[in-house]
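Written below as structure tokens is the structure these notes are about.
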Amino acid sequence: MKVTVVGAGAVGASCAEYIAIKNFASEVVVLDIKEGFAEGKAMDLMQTASLNGFDTKITGITNDYSKTAGSDVAIITSGIPRKPGMTREELIGINAGIVKTVSSSLLEHSPNVILIVVSNPMDTMTYLVHKTTGLPKNRIIGMGGALDSARFKYRLAEALEAPISDVDGMVIGGHSDTGMVPLTAHATRNSIKVSEFLSEERLAQVSEDTKVGGATLTKLLGTSAWYAPGAAVSSMVQAIACDQKKMFPCSAFLEGEYGLNDICIGVPVLLGKNGIEKIVKIDLAEAEKAKMQESAEGVRKTNSLLTL
Ligand SMILES: NC(=O)c1ccc[n+]([C@@H]2O[C@H](COP(=O)([O-])OP(=O)(O)OC[C@H]3O[C@@H](n4cnc5c(N)ncnc54)[C@H](O)[C@@H]3O)[C@@H](O)[C@H]2O)c1
Ligand SMILES: O=C(O)C[C@H](O)C(=O)O
């Protein structure tokens with residue numbers, strides 16, 4: 001499996017590192033527009049290979065897409081991250097142009113590639129790729145829900161004072177500070193609903209902390225997060241590479257599912273060798289359905305700023 005990562009910044013390098021450490025890809029190409037930057041990151045990462053025990057070959061490229069030819073999966077992390085006090089939506093002006101150019105350059109050299117969109121505002125960037133590339137919808141996947149769910153589990157474990165491996169939970173909806181829908185009613189500790197152990201107020205706090213997870217880290221770091229985003233992407237790429245049919249909430253193009261049309265937003269999907277193998281429909285409570293509709297309104301508002 002050949003994987004390309006566009007953007008050798010914080011998230012791109014973390015994606016490349018986790019993919020290599022998990023040792024399922026033969027080759028990872030990291031591409032950046034900044035002269036020599038991807039080459040440097042690739043060399044540094046390759047010098048961890050004997051220490052971390054992986055055989056994946058990582059190469060770095062400055063903006064030469066011919067070197068990405070024949071990629072099975074490509075991850076788009078190019079673009080600016082937010083600074084403290086900003087929303088992800090404010091990044092649209094710069095990132096839309098970058099994501100549009102990058103996706104078309106990738107496709108020129110890898111017509112069969114599966115694209116994973118990471119750049120923010122991610123649901124809108126995923127929609128942009130859908131509208132501008134004409135790729136079948138199974139081959140365009142937005143990464144947000146896998147990360148938000150990992151943060152949800154972190155917050156649940158904290159509230160339960162439990163090991164994270166005891167906890168399960170999922171976040172659907174838009175990848176934004178207000179649009180995420182943590183499915184608290186479905187969350188479990190060892191198959192027991194967490195509502196058995198946590199008060200409504202504590203669960204509401206877990207939900208709120210999850211939704212602002214990215215903003216909290218941005219405030220602490222001065223830029224947005226990269227370890228958990230890279231780990232989330234690497235798990236999704238592994239599910240595709242190993243045809244795992246594993247369930248992740250991903251931003252997918254909807255045609256009626258969850259009562260939504262012509263939008264990319266986070267819903268549970270199965271990831272396998274064809275990308276999105278299936279959109280999984282789950283029964284939502286009335287309150288969750290309403291939150292999902294509200295979240296979609298927010299994503300549509302950002303989508304309306306695109307010039308398609
Ligand atoms: N979807 C998510 O869950 C999620 C998580 C974290 C970050 N993000 C987003 O990912 C993006 C990257 O974040 P980061 O922290 O890695 O930023 P960063 O600034 O560290 O890295 C971005 C890189 O993109 C490169 N770049 C810019 N334009 C390019 C182009 N046209 N072609 C190739 N490379 C180009 C830059 O040179 C830079 O190295 C941001 O938009 C951020 O908001 C999304
Ligand atoms: O918070 C951000 O802006 C980056 C990313 O979307 C995240 O959730 O970490």
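Please read every residue number as a count from 1 along the shown chain.
Cβ coordinates come from backbone N, Cα and C, glycine included.
Whatever TrEMBL says is automated annotation, not expert-curated.
Fair warning: this is a prediction, and the values are worked out from it, not measured in the lab.
Sequence annotations record features per position, and here TrEMBL assigns domain 'Lactate/malate dehydrogenase N-terminal' to 1-142. Per TrEMBL, the feature NAD(+) binding site maps to G7, A8, G9, A10, V11, G12, D32, N95, V118, S119, N120. The annotation substrate binding site is assigned in TrEMBL to R82, R88, N120, R151. Per TrEMBL, the feature domain 'Lactate/malate dehydrogenase C-terminal' maps to 147-300. Under the heading active site, proton acceptor, TrEMBL lists H175.
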Using a 10 Å cut-off on Cβ-Cβ distances across all protein chains shown, tell me which of the binding-site residues (R88, R151) has the largest neighbour count.
R88
Please identify which of G7, G9 has the densest Cβ environment, defined as other Cβ atoms within 10 Å, among these binding-site residues.
G7
Where D32 (NAD(+) binding site) falls in three-state DSSP terms:
strand
Give the mean pLDDT for the domain 'Lactate/malate dehydrogenase C-terminal' (147-300) on the 0 to 100 scale.
98
Do you see any of the recorded positions G7, G9, V11, D32, N120, H175 whose C-alpha is within 10 Å of R82 (substrate binding site), and which ones?
N120
Please list, for the domain 'Lactate/malate dehydrogenase N-terminal' (1-142), how many residues fall into helix, strand and coil according to DSSP.
68 helix, 28 strand, 46 coil
Find the one among the binding-site residues G7, D32, N120 whose C-alpha lies closest to that of R88 (substrate binding site).
N120
DSSP three-state assignment (helix, strand or coil) for R151 (substrate binding site)
helix
